[in-house]
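J.: The structure that follows is given in the form of structure tokens.
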Amino acid sequence: MLKFMLPIILLMKFSKEWKVAQVGMFFISFILSLHCYHNFYLFSLGFNLGMDYISFIMIMLSFWVVSLILISSQKIKKLGNFNGMFILVNMMLLAFLILTFCSMDYLMFYISFEASLIPTLILILGWGYQPERVQAGVYMLFYTLAFSLPLLVSLLAYYSVSGSLIINLSSPLTSMGYVSKLWYISTVLAFMVKLPMFMFHLWLPKAHVEAPIAGSMILAGVLLKLGGYGLIRVLVMFQENNKEFCWLWVSVSIMGGVYISLVCMRQVDMKSLIAYSSVVHMSLVLCGVIIFSWWGLAGCMILMVGHGLCSSGLFCLANMVYERTGSRSLMVNKGLLSFMPSMGLWWFLLSVSNMASPPSLNLMGEIMLILTMLSWSKLTILGISLLSFFSASYTLYMYSLSQHGVFYNSLYSCCSGKVNEYLSLFLHWLPLNIMILNSTLVMI
């Protein structure tokens, strides 16, 4: 475990040296990627920490997204006031994420899962844009904490029943009537808020709109995946109860995904539209986890990685436009193809990846999840077809409305991107479209 945590502690020491932190993060990501062919079923790291394939994929994604955050947050570096503190907060968040994904004990998993909320809140409150960021932080805090206390109670109750909180040693609970159903719901809802599932998603658009680029990238890239990862680990305990409630979660997710897709078609704020699109993608992830299918699990992991890279890249693009025009409104930012022609290609590439076009990971993940849902029930084809159609529609709406038309002050080709911006977008797009060539690695 020390080989993961020690470099992060060293980077905290060099938090005022932006270049050292940036190069160090990419170097650690490269070293970590060399373990991708390691044949570990459960690779013990000591201190009650361990790692399997699911944990490894999530840790790799966390390192990569935080590395890209340091490239994309050059505006904070220029301000210089919070330079050291900014990197320190990001490194703290990364350390909590690694502890969450490596925990072999449910209680330690819960503590690090909730602790990751604190650096995220500091990012939103400290480097957010608008005065409303306080309200967004309160929304996120209370939505998460209101449902996390029942999770803690259910884990302690599970310890009193089974005598162990070790994840791999946990035995499934037998059905005990209404008590076990209440137990199941109180455990699962904490992760569905984090995912977020439809009806528990109101904190997400607020947090994204008010967060700085670093907050939006880490929220879309990794923190939403904590919900899916937590469900994968926790549902093992409630196999019997999950069979009874499976239809409820799948139907709410599919119908909620269709409704949120229609909401996306009415958005005029770029970041708000991308945030709502995350709810649509995560509804498919929830269906894949709940159905208890091997293909569903593999598709869920692939879509989580693909969405983490694609959504993070779209937030980068929205931030680049905001830094130049001072607005995120699609009504103001028309005709960006004439204002920033060199960015038009990246808008197109990331938009088509968001609507699951080949060869992106999103396509592979969605195909696997759609087949999983159809094998579970043929009726889901109605909701899935609507969800897929409207998902492509709102992405096309965002691209066409932002790129085509006349820019508001009729400037042409006057604002090209910087090298670090192109690098950041390329490093989002490349793994998103290249990893499908070795898709068997994710499906082992």
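Cβ coordinates come from backbone N, Cα and C, glycine included.
Just so you know, TrEMBL annotations are computer predictions that nobody has curated.
Below, the features straight out of TrEMBL:
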DOMAIN    1-100  domain 'NADH:ubiquinone oxidoreductase chain 4 N-terminal'
DOMAIN    103-390  domain 'NADH:quinone oxidoreductase/Mrp antiporter transmembrane'
TRANSMEM  20-41  transmembrane segment
TRANSMEM  53-71  transmembrane segment
TRANSMEM  83-101  transmembrane segment
TRANSMEM  107-129  transmembrane segment
TRANSMEM  141-161  transmembrane segment
TRANSMEM  181-204  transmembrane segment
TRANSMEM  216-235  transmembrane segment
TRANSMEM  247-266  transmembrane segment
TRANSMEM  273-295  transmembrane segment
TRANSMEM  301-322  transmembrane segment
TRANSMEM  334-356  transmembrane segment
TRANSMEM  376-401  transmembrane segment
J.: Across the domain 'NADH:ubiquinone oxidoreductase chain 4 N-terminal' (1-100), what does the pLDDT come to on average, as a whole number?
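T.: Result for the domain 'NADH:ubiquinone oxidoreductase chain 4 N-terminal' (1-100): average pLDDT 81.
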J.: Are there three or more C-beta pairs under 8 angstroms joining the transmembrane segment (83-101) and the transmembrane segment (216-235), sequence spacing 6 or more?
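T.: In this chain the transmembrane segment (216-235) contacts the transmembrane segment (83-101) - 3 or more Cβ pairs sit under 8 Å.
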J.: In the domain 'NADH:ubiquinone oxidoreductase chain 4 N-terminal' (1-100), how many residues does DSSP assign to helix, to strand and to coil?
T.: 76 helix, 7 strand, 17 coil
